[in-house]
Amino acid sequence: MARRLSILKQPIFSTFNNHLIDYPTPSNISYWWGFGSLAGLCLVIQILTGVFLAMHYTPHVDLAFLSVEHIMRDVKGGWLLRYMHANGASMFFIVVYLHFFRGLYYGSYASPRELVWCLGVVILLLMIVTAFIGYVLPWGQMSFWGATVITSLASAIPVVGDTIVTWLWGGFSVDNATLNRFFSLHYLLPFIIAGASILHLAALHQYGSNNPLGINSSVDKIAFYPYIYVKDLVGWVAFAIFFSIFVFYAPNVLGHPDNYIPANPMSTPAHIVPEWYFLPVYAILRSIPNKLGGVAAIGLVFVSLLALPFINTSYVRSSSFRPIHQKFFWLLVADCLLLGWIGCQPVEAPYVTIGQIASVGFFFYFAITPILGKCEARLIKNSNACEARSVLASFLTSIGLLWW
């Protein structure tokens, strides 16, 4: 026992001990707080499966599609690696989106955790970029045309747009140079995400985790191990079952059948659809007819998320005690689901109009956030004043009865 304690005092092990074993955690956190560790698990799965897949993948336009088929047919366990990697990306986004909306509901972006939130938004942006360039690598029809459409959006940037597109492509069209660049970046970015995740964790542990009540307490806390560890372990088991259902029974249900057709620059798919986790942002992009306006709207999405901690005016963190904000939060959730549905529909009426209305609704939430905090503060103040008057009236009535 003494030897174990002496080892834990060494610099590297003490850091590990302070952040993952003895880390003081609020005793009332729920299972919603387990999605952070699940996101870390998903990242590890993606990195490990990606490294092994890269050993058999060939980043060349003539061989990329065939190398993926080689992995599926000839590499022992290759089908499992590919399906774990492809479905692992979807699981990663599911977990991160739930983690994100939990933070939004319980006010985890509020002071003093602004840096934690901003790092989380940066990680989300890195995930989207990594997933997009990874989707290009199989070099199927949807991969090729998705890369062509999305990268060409950079041409909307004034003055330097065309230069950026040429630099991204490595030429004047999506070709072998593009595939090589995307493969290199797709291999690199997960490690950058891992580094950003460590910074995210360090920033979180500077002030401690939030809790469902949204209050600060340095007394009512417990060690992460074994209490929170066991709670997270339950979530890991449930996640493993959910993940396994997709990997073993429905591995292609979240993909697109057109991507099993080799890329053909001479044949455009009837409907170019990105992966499901891009659909809300893709719907906002499509809702604006002007290309530059669409790109600006995507940028505004992430600017709004980054600005949220600084435009928040509420003194109460948790939406459990903010009934007005709670309603707007659920409207935002419904709006994001609607945007996701619109993103996979054809660009025609009435989907375009619905997408435009839903896009306005998305940004309306961030526009009204500062007003909600002030309105709720005024309601609380008036409620306290009414309660004080009621107590005073009751007290005076009691005094009068006693005197009588």
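Each Cβ is built from the backbone N, Cα and C atoms, and glycine gets one as well.
Per Swiss-Prot, the features are as follows:
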type     : residues      : note
BINDING  : His85, His186 : heme b b562 binding site
BINDING  : His99, His200 : heme b b566 binding site
BINDING  : His205        : ubiquinone binding site
TRANSMEM : 35-55         : transmembrane segment
TRANSMEM : 79-101        : transmembrane segment
TRANSMEM : 116-136       : transmembrane segment
TRANSMEM : 182-202       : transmembrane segment
TRANSMEM : 228-248       : transmembrane segment
TRANSMEM : 292-312       : transmembrane segment
TRANSMEM : 324-344       : transmembrane segment
TRANSMEM : 351-370       : transmembrane segment
Report task. Specify the secondary structure state of His205 (ubiquinone binding site) as given by DSSP, simplified to three classes. Result -> helix
Requested in this report: Please check if the transmembrane segment (35-55) comes into contact with the transmembrane segment (228-248), where contact means 3 or more CB pairs closer than 8 Å and the residues in each pair are separated by 6 or more positions.
Outcome: yes
Query - Which of 79-101, 116-136, 182-202, 324-344, 351-370 contacts the transmembrane segment (228-248) most, counting Cβ pairs under 8 Å - result: 79-101
**Report entry** Protein Cβ atoms within 10 Å of His186 (heme b b562 binding site), excluding its own
**Finding:** 22
Query raised in the report: How would DSSP class His85 (heme b b562 binding site) in three states?
Result: helix
Report summary line: Sequence-distant contacts of the transmembrane segment (324-344), meaning Cβ under 8 Å and at least 6 residues beyond its ends, amount to 101, 104-105, 273-274, 276, 278-284, 286-287, 314, 351, 354-355, 358-359, 361-362, 365, 368, 372, 375-376, 379
**Report entry** Same-chain residues at least 6 apart in sequence whose Cβ lies under 8 Å from His85 (heme b b562 binding site)
**Finding:** Ile45, Gln46, Thr49, Gly50, Leu53
Query raised in the report: In sequence order, which residues at least six apart in the same chain have a CB under 8 Å from the CB of His200 (heme b b566 binding site)?
Result: Val116, Leu119, Gly120, Ile123
Query - Sparsest-packed among the binding-site residues, when each Cβ's other Cβ atoms within 10 Å are tallied, from His99, His205 - result: His205
**Report entry** the transmembrane segment (182-202) touching the transmembrane segment (292-312) per 3+ Cβ pairs under 8 Å rule
**Finding:** no
Report summary line: Within the same chain, the residues 6 or more beyond the ends of the transmembrane segment (351-370) and with Cβ under 8 Å of it are 280, 283-284, 286-288, 297, 300-301, 304, 307-308, 311-313, 328, 331-332, 335-336, 338-339, 342-343, 345
Report task. Please report how many Å separate the Cα atom of His186 (heme b b562 binding site) from that of His99 (heme b b566 binding site), as a whole number. Result -> 24
Query raised in the report: Between His99 (heme b b566 binding site) and His205 (ubiquinone binding site), what C-alpha distance do you get in Å?
Result: 17
